[in-house]
Amino acid sequence: MSTYTRPVMLLLSGLLLLTLAIAVLNTLVPLWLAQEHMSTWQVGVVSSSYFTGNLVGTLLTGYVIKRIGFNRSYYLASFIFAAGCAGLGLMIGFWSWLAWRFVAGIGCAMIWVVVESALMCSGTSRNRGRLLAAYMMVYYVGTFLGQLLVSKVSTELMSVLPWVTGLTLAGILPLLFTHVLNQQAENHDSTSITSMLKLRQARLGVNGCIISGIVLGSLYGLMPLYLNHKGVSNASIGFWMAVLVSAGILGQWPIGRLADKFGRLLVLRVQVFVVILGSIAMLSQAAMAPALFILGAAGFTLYPVAMAWACEKVEHHQLVAMNQALLLSYTVGSLLGPSFTAMLMQNFSDNLLFIMIASVSFIYLLMLLRNAGHTPKPVAHV
């Protein structure tokens, strides 16, 4: 059976449109708040409201999928996010935007859980690595194109909201032409997220998602600050961030393919080791382009491989709950990692960014090496 079936391709097509809208709003909302002369702490609180919505959406989506299936859950998530977009134009103010960004955060997380769970349920242990690699490629390409749109079109609030909301609703259209089967057996009891987090044989995958959140959250949030403190111009910062993200895009498919062929344990070990090497290269003031490229190629591909590892350890009817647990783990890592790293950078040195990334990666590498004898190795498929 083909890996990229018609439902998968249509699902990813819709996701691309949604990711464009998400990327544009995530970039412009802080700028719009600043234009309204809101203080830094207010901008931060609105941002936190969005991520709080992410957590709530992640926890709710499993129940929604079980009740109404993948297609209707996807439609509902898209409508919720569209409401969060349109609501920003109803009233401009701190409390209003706090509420609407919370709504948008719920919708955004629901979209992620629905798409990731649908891909997991559509695939097998032979091709889940490639499916998740395709998902991450679409996500990063959409994010990149969203940034490009921001630089090319008017960024006025009432100019952006109509087409961003329209883009979100257009993301529903591809799913109208297919039906993504929810193959969770109805005679199975609901699986709790907590039980998935405690599942011993999937712990390396869960830990990998936490580490991935720490690494990517720190790179996304603090790399521009690191470069700025090094005297790099804003234009050049954009270039170096593009190098980082492009490496992540280019690395998705080959690493997903290798994980499917040679087993996820081996690939995870190599990835984490390369992240450590990339961090050391940045600390040693080596050529920035190759250092950032290998850091991006390895760091940005940790999440899908760790997710595929965890999902092959559970029964088919547990996949949605496991995916919720993994996304929750990633979100927690992406929230805590940058906060802790930023405090270290402020109090000691900017180099703590890469020391932190290398340190958590080294801890995860030790887990991968130590648990090899206790955790069954994923079966390699030619």
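For all residues, glycine too, the Cβ spot is worked out from N, Cα and C.
Sequence annotations record features per position, and here Swiss-Prot assigns topological domain 'Cytoplasmic' to 1-13 (among others).
Confidence over the topological domain 'Periplasmic' (35-44), given as mean pLDDT on the 0 to 100 scale, stands at 78. The topological domain 'Periplasmic' annotation in Swiss-Prot covers 35-44 (among others).
Using DSSP to sort the residues of the topological domain 'Cytoplasmic' (66-78) gives these counts of helix, strand and coil: 13 helix, 0 strand, 0 coil. What Swiss-Prot lists as topological domain 'Cytoplasmic' is 66-78 (among others).
Taken from Swiss-Prot, the feature topological domain 'Cytoplasmic' applies to 123-130 (among others).
The topological domain 'Periplasmic' annotation in Swiss-Prot covers 152-156 (among others) and rests on sequence analysis. Residues 28, 31 of the same chain sit 6 or more residues outside the topological domain 'Periplasmic' (152-156) yet have a Cβ under 8 Å from a Cβ within it.
The topological domain 'Cytoplasmic' feature in Swiss-Prot is assigned to 178-203 (among others).
According to Swiss-Prot, the topological domain 'Periplasmic' annotation covers 225-234 (among others). For the topological domain 'Periplasmic' (225-234), the list of distant contacts is 240, 342, 345, 350, 353: same-chain residues at least six beyond its ends, Cβ to Cβ under 8 Å.
The feature topological domain 'Cytoplasmic' is assigned by Swiss-Prot to 256-269 (among others), with sequence analysis given as support. DSSP places the residues of the topological domain 'Cytoplasmic' (256-269) in helix, strand and coil in these numbers: 13 helix, 0 strand, 1 coil.
The topological domain 'Cytoplasmic' annotation in Swiss-Prot covers 312-324 (among others).
Per Swiss-Prot, the feature topological domain 'Cytoplasmic' maps to 369-382 (among others).
Summarising the annotation, Swiss-Prot assigns transmembrane segment to 14-34 (among others) and lists sequence analysis as the type of evidence. Counting residues 6+ beyond its ends, the transmembrane segment (14-34) has Cβ neighbours under 8 Å at 42-43, 46-47, 50, 74, 78, 81, 85, 88, 97, 101, 104, 108, 111, 115, 135, 138-139, 141-143, 145-147, 149-150, 155, 157, 160, 164-165, 167-168, 170-175 in the same chain.
When Cβ-Cβ distances below 8 Å are used as the criterion, the transmembrane segment (45-65) is approached by residues 26, 29-30, 33, 38, 73, 76-77, 94, 97-99, 101-110, 112-114, 117, 182, 184, 190-191, 193, 320-321, 324, 327-328, 331, 335 of the same chain, each at least six residues removed from its ends. The transmembrane segment annotation in Swiss-Prot covers 45-65 (among others).
Per Swiss-Prot, the feature transmembrane segment maps to 79-99 (among others).
Per Swiss-Prot, the feature transmembrane segment maps to 102-122 (among others); the stated evidence is sequence analysis. If one looks beyond the transmembrane segment (102-122) by at least 6 residues along the same chain, the residues whose Cβ comes under 8 Å of a Cβ in the stretch are 5, 7-8, 11-12, 15, 18, 22, 25, 49-58, 60-62, 64-65, 70, 73-74, 76-85, 87, 128, 131-132, 135, 180-184, 307, 311, 316, 319-320, 322-324, 327, 331.
Look at Swiss-Prot and you will find 131-151 (among others) tagged as transmembrane segment. Tertiary proximity for the transmembrane segment (131-151) is limited to same-chain residues at least six positions away from its ends with a CB under 8 Å from its CB atoms, namely 3-4, 8, 12, 15-24, 27-28, 115-116, 119-120, 122-123, 242, 245-246, 248-249, 252-253, 255-257, 300-301, 303-305, 307-308.
What Swiss-Prot records for 157-177 (among others) is transmembrane segment, and it gives sequence analysis as the kind of evidence. Sequence-remote contacts of a segment are chain residues at least 6 beyond its ends whose Cβ falls under 8 Å from one of its Cβ atoms, and for the transmembrane segment (157-177) they are 10-11, 13-18, 20-21, 24-25, 28, 32, 71, 74-75, 78-79, 81-82, 85-86, 88-89, 92.
Proximity of distant same-chain residues to the transmembrane segment (270-290), defined by a Cβ-Cβ separation under 8 Å and at least 6 residues beyond the stretch ends, is recorded for 211, 215, 240, 243, 255, 297-299, 301-302, 305, 351, 354-355, 357-358, 361-362, 364-365, 368. Panel annotation: around the transmembrane segment (235-255), residues 129-130, 133-134, 136-137, 140-141, 143-144, 219, 223-224, 227-228, 267, 271, 288-289, 292-301, 304-305 of the same chain, lying at least six beyond its termini, place a Cβ under 8 Å from a Cβ of the stretch.
Counting residues 6+ beyond its ends, the transmembrane segment (348-368) has Cβ neighbours under 8 Å at 204, 207-208, 211, 214-215, 218-219, 222-223, 225-226, 229-230, 265, 268-269, 272-273, 275-276, 279-280, 282-283, 299, 337, 340-341 in the same chain.
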